[in-house]
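Read through the structure below, which is laid out as structure tokens, and then see the notes.
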Amino acid sequence: MESERSQRMGNACIPLKRIAYCLCLFSALLLTEGKKPAKPKCPAVCTCTKDNALCENARSIPRTVPPDVISLLFTSNSFDVISDDAFIGLPHLEYLFIENNNIKSISRHTFRGLKSLIHLSLANNNLQTLPKDIFKGLDSLTNVDLRGNSFNCDCKLKWLVEWLSHTNATVEDIYCEGPPEYKKRKINSLSSKDFDCIITEFAKSQDLPYQSLSIDTFSYMNDEYVVIAQPFTGKCIFLEWDHVEKTFRNYDNITGTSTVVCKPIVIETQLYIIVAQLFGGSHIYKRDSFANKFIKIQDIEILKIRKPNDIETFKIENNWYFVVADSSKAGFTTIYKWNGNGFYSHQSLHAWYRDTDVEYLEIARTPQTLRTPHLILSSSSQRPVIYQWNKAIQLFTNQTDIPNMEDVYAVKHFSVKGDVYICLTRFIGDSKVMKWGGSSFQDIQRMPSRGSMVFQPLQINNYQYAILGSDYSFTQVYNWDAEKAKFVKFQELNVQAPRSFTHVSINKRNFLFASSFKGNTQIYKHVIVDLSA
């Protein structure tokens, strides 16, 4: 009896154990199920169905949109900026409408991750531009609607014009609201050629802790060098390019007294330096490659060259010359010619005129004739005088002067599309730009130039500049406007008492050296900026 009762009690416990096990298993399942992330609820500002969401009156893009949504519409919302990754976590989204809002700005990566997006509408907002590559990665895109925005068709929108020309997506016609020359132009009809987005500037690169008067550059033994005349230390300082540090460093020097010009001239493979000094006479040095130093080889006659102010070198019919402008009352502006062993006096142009500058240039008397060598002498006692080379007698002969241009300190020339122009510097009054007309120079442009002793034209790549220095104000940099055929203001530089501006090209880098009579010599880098980048 007892054994039967025990057996019945044991059999009765089996269902109870099973029930307890099931209860434990169910509880575990409940706990496991509770750990699963809940599906995002529809944001309070949105109305959601299984595949669609409509959001209105939102202050920002909600972050809890259901991930399975296929179509998403934002309309009549108050936010005006959309940031990066605004729609992250919506891998199935195919249709996105952001319409009739007040959107002013969209970030470059706003739509990142929307690889399934087919249709995008940003219609009827307040967009003036779109960031470059905003549609990058949207490989499924077939329709884009950008109508109803106020696009400013400047360089920032150039990329969109290029994108429209090669995209396979259908894009509704959109129009420019600005700038004025493009207003109401169809953006779809523009091309990249309609945008001029390359600008340049001179950016400060290096300061040299000394004053200077003149700066020249030259090529020698397959390298580029710069030579700077220092009046107070009496030195010609030579610089070379440091390819590691990417700066200019000292290379060598010639020590003298009150040096005003250090003019390099390379004849065949030999480097010579003409050193003009206010005291102690002027001299000619040559570079001794074996001794690796400069050696004085010749003195320049002191009876003619008493107060040198400028030197120009030039070559006529395979003969090398240099001319020294002398600014003393008893001096002679004199041309020297290379004879194979040294330079000898070839011609004295005139005496006692106190010449301050000499410029060598080639001009033609008529369009049908060849250009011939000319010299223009500037003087404190007369108008600039033009001399022409006479081939028969191998001398320069006096031709004419430039009328109505008294007190010209210096003349420098440049060419644009075959036409020859000159920049005339005046310390008091207006400096001028003039154009050669076949028989005389004609006025083109005037620049106010109180306190100017340098008005230097220079060309860097395809850019033509003219730099007008001043002892009393900022240096003005002008850029040549081809359509207007004149210079326009471009940039201001802060240089104390500038005396010369020199373009130096090193390893495809372009620099502007600015000499200063009262401050540090400055080096600027010529920078090209693409505004559409």
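Cβ coordinates are placed from backbone N, Cα and C, and glycine is handled just like the others.
Heads up, TrEMBL stuff is auto-annotated, nobody curated it.
Taken from TrEMBL, the feature signal peptide covers 1-34. The domain 'LRRCT' annotation in TrEMBL covers 149-198. Positions annotated as repeat 'EAR' by TrEMBL: 201-243, 247-289, 293-340, 342-391, 395-438, 440-482, 486-528.
Spatially, the repeat 'EAR' (486-528) is adjacent to the repeat 'EAR' (201-243); three or more Cβ-Cβ distances between them are under 8 Å for residues at least 6 apart in sequence.
DSSP states for the repeat 'EAR' (293-340), grouped as helix (H, G, I), strand (E, B) and coil, give 0 helix, 32 strand, 16 coil. Residues 200, 202, 400, 402-403, 409-410, 412-414, 416, 421-434, 488-495, 497-503, 505, 510, 512, 514, 526 of the same chain lie 6 or more positions beyond the ends of the repeat 'EAR' (440-482) yet place their CB under 8 Å from a CB of it.
Mapped onto DSSP helix, strand and coil, the repeat 'EAR' (486-528) counts 0 helix, 33 strand, 10 coil.
Secondary structure of the repeat 'EAR' (201-243), assigned with DSSP and counted as helix (H, G, I), strand (E, B) and coil, comes to 0 helix, 30 strand, 13 coil. For the repeat 'EAR' (247-289), residue counts in helix, strand and coil come to 0 helix, 33 strand, 10 coil, using DSSP.
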